[in-house]
Amino acid sequence: MTTDNALRTIPVARVHPVAVLYTATAFTGAALLFLVEPMAARLLLPSYGGAASVWATCTLFFQVVLLLGYVFVHVTSRFGPRRQPLIMVPLLVLPLLVLPLALPADAAPESSPVWWLLRTLVIMVGLPFAVLTTTGPVLQRWYSWLDVPRAHDPYFLYAASNVGSFVGLLAYPFAVEPHLALHEQRMWWSAAFVVFLGLVTTCGLTAFRGRRTAEAAPRTARPSTRTMLIWLALAFLPSSLMLGVTAHITTDVAPIPLLWVMPLAIYLATFVVAFGGRGRRRPARMATIALVLVIGTRAMTFAEQSLPLPLTVGAHLAMLAVVAYVAHAILAADRPPADHLTLFFVVISIGGALGGLLNGLVAPLVFDRVIEYSLVLAGVPLLWLAVGATRWIALSMAALLVVGSFTTLQRGEVLARSRTFYGSYVVIEQSDRVDFGHGTTVHGFQSTQPGKRNEPTAYYARSGPLADVFEHFGSLARDITAVGLGAGTMAAYGSRGQKMRFIEIDPEVIRLASDTRNFTFLSASAADVEMIAGDGRLKVAELPPASTDLLVLDAFSSDAVPVHLLTAEAFAEYASRVRPGGAIVVHISNNYFDLRGVVAGAAAGLGWDSAIGQGGEKPLGRLSVWVTLSPDGGLADVLTDESGWAPLDGAPRDAWTDDHASLLDVLR
């Protein structure tokens, strides 16, 4: 979508040059806002890692600043057109003090990382982000003070800002990240921000000159508390539903890379459609369709794994599109006059933030599975009330959906179930094994057949490449470090007098794998097993130099590849922790990404040799692909000569770096 497309939704105002100016400014500000968030995350990853506390802190920071920005605009709008532009425009200069965006020199503390992270975010992006968050509501308020077409109903600018958000959302993963290094991203974004400041300043001048029109406009009655609560609920429902659909289809249906973009894009598009026109119609027919789709998707959850993937994903996305449109269309129909515009946006921003708070922070702490999605679906029948349906019918349908939320079908006996910020886990006992599942993906299993209880399985089976590594190198490696734990299967290779150190980012995985009621790989290992909770790159960096013989990286088999663990800088840190004659082994089995070139490029950058091996036979094994990196004449050469591994050639230019890495480059 472009600014021109947004303008087509405003046939009267689109020909007016002031409307064009305001539309372009709203579009640009929203696009920059959606570009700076992933850019900031990329800048932070090498220093802070991917721990849940980092993710939660960033999420809260952006939501709180967004809300504070809306509140600031609401409070200052009371000063009227004579004084508010005089307050806002000088504030626009402050972000220039921190451009171009960059991490502070002391951005990686040894203690209290959450507080240091907040400090880093405030210093790095606090001022620009705060200015960008105020853009949408302040531009609409300023426009309402002008003597131009649709000044009494400036909500078309809200549609334009959501078009900008849509473009920014898609631009970063598909256009910006693949083609620009981080330092280039920072420079171009900073330049675009300066252009944006010029646009906002120009808009402020037009608002100041239009003050007489605003001062002559009569004030309308303040919306009632009941009305504001309805706004809150209508904003909360699609926000939480969008996050719930994202979690469900990417965890329980198909962990496909970048699939998370689609629900958010649909969510933004429904804002554009709902607020782009002039009408105030309540979509009664669409509300009925929404309820039918909700019931249909709830019924599908009991057979999703046997249904075609496009049908399943498409049904959930279609349901989200219709429900979000109905909620946003009702909001658009109930929008207040322009003099209460800023209050309206404060309330709906609170509703959206509450949706994010429920799904992102509360639900992982309260529920042991992704159930909030189904619970929020129970609120969809209440949309019927807003379009005139009979109350008892809507409440009855909601009650039935609540009851259905707790009904699931599960094969096998559930031994344990839990959930954290990283996802939902389940341990299931089948007829001949115990599975360790993350969503619908099995990340490891242990055989329960006699004599095979502690045999390594799945990607680690004796029929696979990892067995070759331990056959040729296991007895020589007295200290082994593994990033990634799963069910702890690798511990089955441990021998007496050997130290095996597992680094796992999620403490809950450590708890589940260590519980002998679930798995016994760790407790039965002959090695001295140590568990370390934390981000793999940061924890490896804490090891003494030249302290481990074998470093195994096993965190790349899902759709969410932790890029910061695979950069040239990360491999340089790993190599410095490996003893002379040691090796690095990387598990690169992945249905979606081909990581061979990235790892081979990192090996070339170190001046090390690399070799690739694949194999694994059922019933205990699963096909897996492993890459070994070692100095000249090391393990890679041995495996190539004696175990049928193949040399893996690469060049330093193929490696990812902390400054430039794109998953699109390695997408299969």
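Placed from the backbone N, Cα and C atoms, the Cβ positions cover glycine too.
Unlike curated entries, TrEMBL annotations are predicted automatically.
What TrEMBL records for 12-36 (among others) is transmembrane segment.
Among the features that TrEMBL reports, transmembrane segment is placed at 48-73 (among others).
For 85-103 (among others), the entry in TrEMBL reads transmembrane segment.
Long-range contacts of the transmembrane segment (115-134) within its own chain (CB-CB distance under 8 A, at least 6 residues past either end) are made by residues 29-30, 32-33, 36, 40, 43-44, 48, 54, 57-58, 61-62, 65-66, 68-70, 72-73, 88, 91-92, 94-95, 97-99, 101-104, 107-109, 193, 196-197. Positions annotated as transmembrane segment by TrEMBL: 115-134 (among others).
Under the heading transmembrane segment, TrEMBL lists 155-175 (among others). With a cut-off of 8 Å between Cβ atoms, the residues of this chain six or more beyond the transmembrane segment (155-175) that come close are 1-3, 5-7, 9-10, 13, 22-23, 26-35, 38-39, 135-136, 139-140, 143, 258, 261, 264-265, 268-269, 271-276, 332, 335, 341, 663-664.
Marked as transmembrane segment by TrEMBL: 187-208 (among others).
Summarising the annotation, TrEMBL assigns transmembrane segment to 229-250 (among others).
Among the features that TrEMBL reports, transmembrane segment is placed at 256-277 (among others).
The list of residues near the transmembrane segment (309-331) in space but at least 6 beyond its ends in sequence, with Cβ under 8 angstroms from a Cβ of it, reads 231, 234-235, 237-238, 241-242, 245, 248-249, 253-254, 259, 262-263, 266-267, 269-271, 273-275, 281-283, 286-287, 289-290, 293-294, 296-297, 300, 348, 380, 383, 386-387. Positions annotated as transmembrane segment by TrEMBL: 309-331 (among others).
Annotation source TrEMBL lists transmembrane segment at 343-362 (among others).
Per TrEMBL, transmembrane segment is recorded for 382-409 (among others).
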Where, among 12-36, 229-250, 256-277, 343-362, do we find the most CB pairs under 8 A to the transmembrane segment (187-208)?
12-36
Report, as numbers and ranges, which residues of the same chain sit near the transmembrane segment (343-362): CB under 8 Å and 6 or more residues beyond its ends.
56, 59-60, 63, 66-67, 70-71, 73-74, 136-137, 222-223, 228, 231-244, 247, 331, 335-336, 372, 376, 421
